[in-house]
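Asks: Annotation comment: Swiss-Prot describes 1-11 as topological domain 'Cytoplasmic', evidence class sequence analysis. The topological domain 'Lumenal' feature in Swiss-Prot is assigned to 32-603. Feature annotation from Swiss-Prot assigns N-linked glycosylation site to 124, 146, 593. What Swiss-Prot lists as disulfide bond is 135-365, 356-432, 471-488, 523-538, 563-578. As annotated by Swiss-Prot, region 'Catalytic subdomain A' applies to 144-253. Among the features that Swiss-Prot reports, Mn(2+) binding site is placed at 237, 239, 370. Annotation comment: Swiss-Prot describes 311-373 as region 'Catalytic subdomain B'. Summarising the annotation, Swiss-Prot assigns region 'Flexible loop' to 373-384. Residues or ranges marked as domain 'Ricin B-type lectin' in Swiss-Prot: 458-590.
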């Protein structure tokens, strides 16, 4: 009897072994059939180890979390110690000491950032660990999915592209990186051809794909994702620097819920001197206004965690830096292939994931630096329109809320969005929720900062100085430039009137160029009781941009405790000690709403 039981157990064991091994033999055979020919910069034989690694990882990984799942400290302590000892230009994220000769426009012309400075900084430079201190002690799942890291580029600078790759290789556990896929969007610079292929041949995990024509950022990302082999696809831009232990916190969240899209905190690499620092406000939720400009808003108290280093929900991603389960990405349809070049794709993927059964989080313990260009250095092909992309997203995903966009951008109303039938069918097939659900359940805090229907303005029109008879003017007003006084031009031509001397004292208690329905995105800003009044990005956080229009016609600035003043001789506008009897501190708005002003001044 015992002999029969033993034979029975052996038979069961063999059957179980066959169930485990045979599917993986089939997977290996399928891989061998689909393996592309080796070519310079291509996949070739170098990918075989990654494929074997993927095979083994699929044998041992199921990602059904249970009590047996162990946690691990993924920090590379030795690499962190080495980085701490590095000195030199740009090390520890410090600014490069620029000379006047290095600030010339030629340094920025090809890349939108100072390539001269970039070339003088090490490809392996160290970065400051600016994570919350709690991140140092966080543990993540011992068994994590691996990832294909997709980096699209078009005519990228040599050192900035290579530094992106080096930072990923230096600060990522190698067992978690299935591959790094560089996708060249039809670059024509010589250093991105054979020199790049020769250089990247030194790194077996890196391969290069090339488009046959200019496809744009969106389709180039799609090409990279379609060629990816990892469990997860992680998208980065081509001028980034990954910071310490950036990857495990992202993959951990996906391992726990495969329908979660995760975004690192995006730090700022200065386009001039390459200093590395956090964004203003650091951890904030992604949002948008009703002209479809990306915005960041504070995390509301209801969503704040006891541990500020924990992941938090975000309605909208910033753009090109995120990780997503590869299969889930394709279940969602990837990016809409009808979107051209760049722009609007972050809204499309954000709305789609939330409305169609997934979620999106920002991960404070994962940080990646990004160079925000001084300007876009390349030309967009003729006929390509950001407005068309935004209209396409609005038509497919935003339901009746699209009307709020058209009210602010009436030119969008009759713009063709192309054929959206397939995208609307996809939305139905995925059983996606309504945009009203998104606005009430996910982005419920957005209307507090960017209401679909703007509350009435407190004042608008020209702002005329009583003492000089001159008007505030933005004729020379680029971002960061001082506000000026000029001869008032009301009635001297509608185009000039609309563009230079119309201002709105908004319901946010800031002052912006433009009429109440078409305000611009920069505000009157002052930093001290003697500083000039400058035009700065509106942040809707009051502070330096909070103003009070008092009954004595002064524009009072609570932060500095001073009033807006001016000089007729040099046309300057500046802050000064308040003196209600001074005519140069008295200002007349063309139109005022007394009810709104009274409410402002009560507060």
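In case you wondered, yes, glycine gets a Cβ from its N, Cα and C as well.
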Asks: Taking the Cβ of each of the binding-site residues and counting other Cβ atoms inside 10 Å, which one has the highest number: 239, 370?
Replies: 239
Asks: Among 124, 237, 239, 523, 578, these being the recorded positions, pick the one whose CA is nearest to that of residue 356 (disulfide bond).
Replies: 237
Asks: List the same-chain residues at least 6 positions away in sequence whose Cβ sits under 8 Å from the Cβ of residue 578 (disulfide bond), in sequence order, or say none.
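Replies: 554, 556, 561, 562, 563, 585 - these are the non-local Cβ neighbours of residue 578 (disulfide bond), listed in sequence order.
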Asks: List the same-chain residues at least 6 positions away in sequence whose Cβ sits under 8 Å from the Cβ of residue 124 (N-linked glycosylation site), in sequence order, or say none.
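Replies: Those within reach of residue 124 (N-linked glycosylation site), by Cβ under 8 Å and sequence separation of 6 or more, are 166, 170.
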Asks: Per DSSP, what is the residue count of the region 'Catalytic subdomain A' (144-253) in each of helix, strand and coil?
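Replies: Helix, strand and coil residues of the region 'Catalytic subdomain A' (144-253) number 44 helix, 27 strand, 39 coil.
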Asks: On the DSSP side of things, how many residues of the domain 'Ricin B-type lectin' (458-590) fall into helix, strand and coil, could you say?
Replies: 13 helix, 48 strand, 72 coil
Asks: Within 10 Å of the Cβ of residue 563 (disulfide bond), how many other Cβ atoms can you find? Include all protein chains, please.
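Replies: Here the count is 25.
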Asks: I need the nearest neighbour of residue 146 (N-linked glycosylation site) among the recorded positions 237, 370, 432, 538, 593, using C-alpha distances.
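Replies: Comparing Cα positions, the closest of these recorded positions turns out to be 237.
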Asks: When DSSP states are grouped into helix, strand and coil, how many residues of the region 'Catalytic subdomain B' (311-373) land in each?
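Replies: Each residue of the region 'Catalytic subdomain B' (311-373) counted once, the result is 17 helix, 19 strand, 27 coil.
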